Amino acid sequence: MNQYPLWKYLLIGAVIFVCALYALPNLFGEDPAVQISPAYARDMKIDQAVQDTAEAELKKANISFIRVDRTPKQLLFRFKDTDTQLKASTLLKEALPKYVVAQNLASTTPDWLRALGGQAMYLGLDLRGGVHFLMQVDMETAIRQDEETYIGEMRTLFRENKLRYKGINRVVAGGGGILVTLADIEKRDQAKKLIEKEYDDLVITEINEGDEYRLHLAFTEKALTENRQKALEQNITTLRNRVNELGVSEPVIQRQGDERIVVQLPGVQDTARAKEILGATATLEFRLVAEDDDQLGARSYKRRDGSPVMLKRRVIATGDQIVDAAATIDQRSGRPATVVRLDNKGAKRMLMITRKNVGKPMAVVFMEYHIKTKEVDGKAVTTRSKSEEVINVATIQEEFGKNFQVTGLTSSEANNLALLLRAGALKAPMEIIEERTIGPSLGQENINLGLLSIMLAFVAVMLFMSM
């Protein structure tokens, strides 16, 4: 009989023990839970008063819970079933309007095992269930935004080279593009040389109409392909960041074709919240208010109360230049606000503009893109709209650059806007064209078939050996 040293038996036993220990979390299930967290992460905490309020509301409605766990940043109520969880979630959203209330699944793994790093395996959509989204990227808007960027750059280019022009505008009809209008041939030729020197991705066509000399600019096919590719990649990156903000484990985010993105979120219960965050396109623009004696070239916007306000066309900073954001409470007014931090380019421009305009008003424009698809005469027709409203007009008291705060938002808008700005701006709006809630039945069916095949194989082997 072969004999092995004792240390080998001990080593094998230790390996089996460690493997069994860290496999234990998979035997524990998950409780339907309601998670409560501060809407303004920097200034609010979950204290005993919040817990007492939540417990009192649940007891008043005769909703029982298994237990409650509290940390400074989170309050977690566990329930026996999803029906009770849904009722509690609806009730607590009304009782705690200043907090984010979301449905979740909480692991029942003991604290001592979690302290050792024990975690259950992450299960995919087929084993855990979840939600599946197919999203269509609006490439037309992506190209339009690139054209608007070029228009702003060309105005600066012509101004720096002291070249007077009549207008630089987007071509709305036909194939789009940019139309530059100049007063004479000499200025047109000068503009053409400047554009050819600065931009190698534009096709330039000369157009003469009466006493106006124009240049029609259009992206080359190579540039269009690259711009679409960049839009898709940036949207995928932004979606990943947004999913991370939602706290979803093991998500699947990948491209499908040239204009679509597939998003699969295992274990997500609050599909409305996921849909709201994934498809949201809210962003900000900062502009100076055009005063009464300086309204040439200004544009009219609407405040939230419907009153008009004239703003200058030049944008000081946009949501693309915001690198960090957090929801907070304004210390002076006690109202919701969003603290933002600009990148170096945006901060430099903000500092320069505010330094020159101390004592003058500046406006914050809140923008959202909306895409709707409806069936007309048996065909899918997509309509695009853009809503813009001035949420805040304030006097510049002193120069500032990188860090400042934006007020004029509701609590939910401040929280959502901070999340979206942290995750990054979408290059182009997206529409959810397919949404499916998937149960774990497919994975369970595969498991059952696998167990059945093992049993049949075992019986077949036993029969073969007995013959």
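Any Cβ shown, glycine's included, is placed from N, Cα and C.
What TrEMBL says about this one:
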DOMAIN    1-103  domain 'SecD export protein N-terminal TM'
DOMAIN    232-290  domain 'Protein translocase subunit SecDF P1'
DOMAIN    302-428  domain 'SecDF P1 head subdomain'
TRANSMEM  447-465  transmembrane segment
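Through the fold, the transmembrane segment (447-465) approaches residues 127 of its own chain, all at least 6 residues removed from its boundaries and within a Cβ separation under 8 Å. For the domain 'SecD export protein N-terminal TM' (1-103), residue counts in helix, strand and coil come to 49 helix, 24 strand, 30 coil, using DSSP.
Averaged across the domain 'SecD export protein N-terminal TM' (1-103), the predicted model reaches a pLDDT of 84.
Helix, strand and coil counts from DSSP across the domain 'SecDF P1 head subdomain' (302-428) read 29 helix, 66 strand, 32 coil.
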